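What Swiss-Prot says about this one:
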BINDING   Leu128, Gly132, His133, Leu134  (6S)-5,6,7,8-tetrahydrofolate binding site
SITE      His236  site 'Plays an important role in substrate specificity'
MOD_RES   Lys237  N6-(pyridoxal phosphate)lysine
Amino acid sequence: MMTQTDLSAFFGADLATADRDIFDRIGRELGRQQNQIELIASENIVSKAVLEAQGSILTNKYAEGYPGKRYYGGCEYVDEIETIAIERAKALFGAGFANVQPHSGSQANQAVFMALLQPGDTFLGMDLAAGGHLTHGSPANQSGKWFKPISYSVRQQDQLIDYDGVAEVAQREKPKLIIAGGSAYSREIDFAKFREIADSIGAYLMVDMAHYAGLIAGGAYANPIPHAHIVTTTTHKTLRGPRGGLVLTNDEAIIKKVNSAVFPGLQGGPLEHVIAAKAVAFGEALQPSFKDYARQVVANARALAEALLKSGVNIVSGGTDSHLMLVDLRPKGVTGRDAEHSLERAYMTCNKNGVPFDTAPFTITSGIRLGTPAGTTRGFKEAEFTRVGELIGEVVNGLAVNGPEGNAAVEAKVREEVLALTGRFPIYN
């Protein structure tokens, strides 16, 4: 039995006192985020308000069900918070209905599959090698095991979506659902064209806007809501909120199916502390300043791509219309894995990534994916990202000449410049 002293420590001790092992490692991770340039396209830096909401006492509350229809008592205030999150999400994207409960973008996608498909049904998504996502039909993913996925790709000559190819495979295979969106496609997607193709065969159109959601909210990328039957997204990445998922639609019949798929179909109790953080992030994204942020993310990405091209580094499709780009390292004779590791030693974090028509194993890859959301959040503009592009070029060109074991001098030089740059743009001080 806990004594009064035990209780006082339980409710009063901070993390540094209660668990030094975890506290120390969080501190080291904070230092990494402060000192390194985050170029992973799916990562961002959230506000203190988002952190406070997610770390709040709402983590104590179980709330199975939906606002006003819970299976537990004591939900008065979490009902209000979840309702605020729903209304803000609807306003942010111009949607009639929203479900803010999915724990992740993957679970949001799974909810749509459960709502609209039966096991064994055919759906059409972008090939993973062309820039799609695991949940769009990879054989390693549930979506590729429970359903019959077919894929479309990009044109070899320009690495842009082959809309004629999409239409051709749709007419031939008659999928029940078509997915537009991906995790490594840098160009603007023609959602109206996808809807036209879906309507021609009586299919649902689902848009996975996880990577572009913040740009869409800020008016810097086309909004799929007027075109899609249903839209899924994460709430982090460019949207700059906590890690989680969101489903949007203008169709009342579809949202009823999705709500049932999320709970009780896939999840039990929602994470109300995360939903509160989502609400805070949606509120931030509704502010006029977020439009400036979204535009700056795209401007920075274009500056980064241009600097890389001038450094002799190849960009898939020749540039970007969004926050991300794929670097094709095959002309340099460098692997994505080696580039990722070398850049990290130079204090620039990215991820190895396959490129269209890549023949390298997925654990090695022939490319890297780069993004500008986190750097833009900490205050970088075009001048800073131009310099970042030049520094990446130095590391990659050094790898091409020196190999991964001989690039230490280049990495050390670049690391000093990175530290000077991040020192000018501090976070969480």
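Heads up, the Cβ atoms here are built off N, Cα and C, so glycines get one too.
Cβ neighbour counts within 10 Å, taken over all protein chains shown, single out Lys237 as the most crowded of the recorded positions Leu128, Gly132, His133, Leu134, Lys237.
Apart from Leu128, Gly132, His133, Leu134, the residues listed for (6S)-5,6,7,8-tetrahydrofolate, the same chain places the Cβ atoms of Gly125, Met126, Asp127, Thr135, His136, Gly137, Ser138, Asn141, Gly182, Ser183 within 8 Å of the centroid of those Cβ atoms. Put simply, of the binding-site residues Leu128, His133, Leu134, the one whose Cα is nearest the Cα of Lys237 (N6-(pyridoxal phosphate)lysine) is His133. Long-range neighbours of His236 (site 'Plays an important role in substrate specificity') (same chain, six or more residues apart, CB within less than 8 Å of its CB): Ser42, Glu43, Asn44, Val46, Pro242, Arg243, Gly244.
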